[in-house]
Amino acid sequence: MSVHAPAPFAPSAPLRLFNSLTRQLEAFQPVHAGEARVYSCGPTVYNYPHIGNMRAYVFADLLGRTLSFKGLKLTHVINITDVGHLTDDADEGEDKMEKMARAEARSIWDIAKHYTQAYWEDVKALNIRQPARWTIATEYVPQMIAFAERIAAKHCYELDSGLYFDVSTVADYGRLARAQTEEGEGRIEAVEGKRNGADFAIWRKTPPGEKRQMEWDSPWGRGAPGWHLECSVMSGEVLGFPFDIHTGGIDHREIHHPNEIAQNQAFCCTNGLDVPANSGARIWMHNNFLVERSGKMSKSSGEFLRLQLLIDKGYHPLAYRLMCLQAHYRSELEFSWEGLGAALTRLKRMLIAVGQLKERAPEVAAQPGPRFTPFLERFDAAMSDDLNTAVALTVFEEVLGLKKVDPADKLAAVAAMDAVLGLGLLELDRRALRIRPKGVEIDEAGIEALLDARKAARAEKDFARSDALRDQIAAKGVEVMDGDPLGWEWKLA
């Protein structure tokens, strides 16, 4: 009698995603059969990313992992903006890169390199997969000039300050945000000579007598590309128009993405009409803000939470990833240290369960057995329902809690789900969660020495000394865990 291996699980639930452009859930129909092409607005590398910024990239990573889980060949592009992003997000203020370079007395190129590396370190810490391509804005300036030349005659006009896009030349401008195009609406400050309040610069001229650190020759004079032009060009160059999905934070829904769409309409058709077909991407997706009790997180106040601060306090970055997954991406997520602590506790429970499972199943089965098919189907249904991670996590924890099942099959099911959630539980060690808080005087060797002394005291039945040592250890910010193989953990504030 031959023994047949279980058939591979094939996710079959229809994938439905919320399209900000149409304001409804839509079935995902790839532009190219069997493929998914995704562009995500990346950081402007003038400062460290805060954890609210990083929520956008956890969301984009989750989307990409889900598309891969659904059997699609994923091409994911994330840009790095190293020029052209003004402090006002529209057409007022100065370039954020130039402002930081002046503040830190460094070149813009040094600023870009430093903060790009800092961003990539956070990407790695949060177990965000590398995209197929990082596109760096300054590497695409010739293509940006060519794009602007193609649309300039019918859709742009020139002022002393730059080349501006006339939003009245495309159909239904601002559909994404229902933005107003009239002057005085308060959405965008006026620039002298603009035809419409919402018109925006696609090329900013260097003022006479000035020299910027980043500037290029163009048909409209020496200058630099506008922020909105950059994303239109990089997404179209790498993915081609139309592509499947464009992601970004909800703040992009107001100005940046409507302007991208307007440019794409102008580029993709002769009359600027037909928003759904010519918006560049078929589906536009936006994650909501991370908020504190004082309001949404931003860098403008000069006070914001970096991922490194969480680590300095002893929290593993994947606890923050789990915190993000506990809320739907379109919902506001309130950050609190209590909430982060609860996510860390939940992550520890998961890791303990996976660790115990790995002891029973040294190898992962090639495929989960049929016992796990209903769970995988529920997990698939949750993720296919506009990335319902809260339900998916519940199903995942149900699987972790199953008893009297084949451990190798169970580990295969856990691995399949975690490949989507991205918590890295099969590779993570419990000791990795034990991060020493910054400023704590004692190190791990010192703790182990005290624990050895306490162990000796208990062996000698010197319970008074044992209790005194436990108190001494606790006073140093350490929790002793008798009976747990890990032995101890840091107490986190």
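From the backbone N, Cα and C atoms, a Cβ is placed for every residue, glycine too.
Per Swiss-Prot, the candidate among Cys231, Cys268, Cys269 that belongs to the Zn(2+) site alongside Cys41, His256, Glu260 is Cys231. In Swiss-Prot, the annotation motif ''KMSKS' region' applies to 296-300, one of the ranges 81-85, 251-255, 296-300. Close to Cys41 (Zn(2+) binding site) in the fold, though at least 6 residues off in sequence, lie Ala56, Asn79, Cys231, His246, Thr247, Gly248, Gly249, His252, His256, each with a CB less than 8 Å from its CB. Listed as Cβ neighbours of the motif ''HIGH' region' (43-53) (distance under 8 Å, sequence separation of 6 or more from its ends, same chain) are residues 80-82, 85, 96-97, 99-100, 111-112, 115-116, 118-119, 122, 227, 249, 289-290, 296-299, 304-308, 310, 320, 335. Residues Trp227, His228, Glu230, Ser232, His246, Gly248, His252, His257, Asn259 surround the recorded Zn(2+) site, their Cβ atoms falling within 8 Å of the Cβ centroid of Cys41, Cys231, His256, Glu260, which are themselves excluded. For the motif ''HIGH' region' (43-53), the model gives a mean pLDDT of 96.
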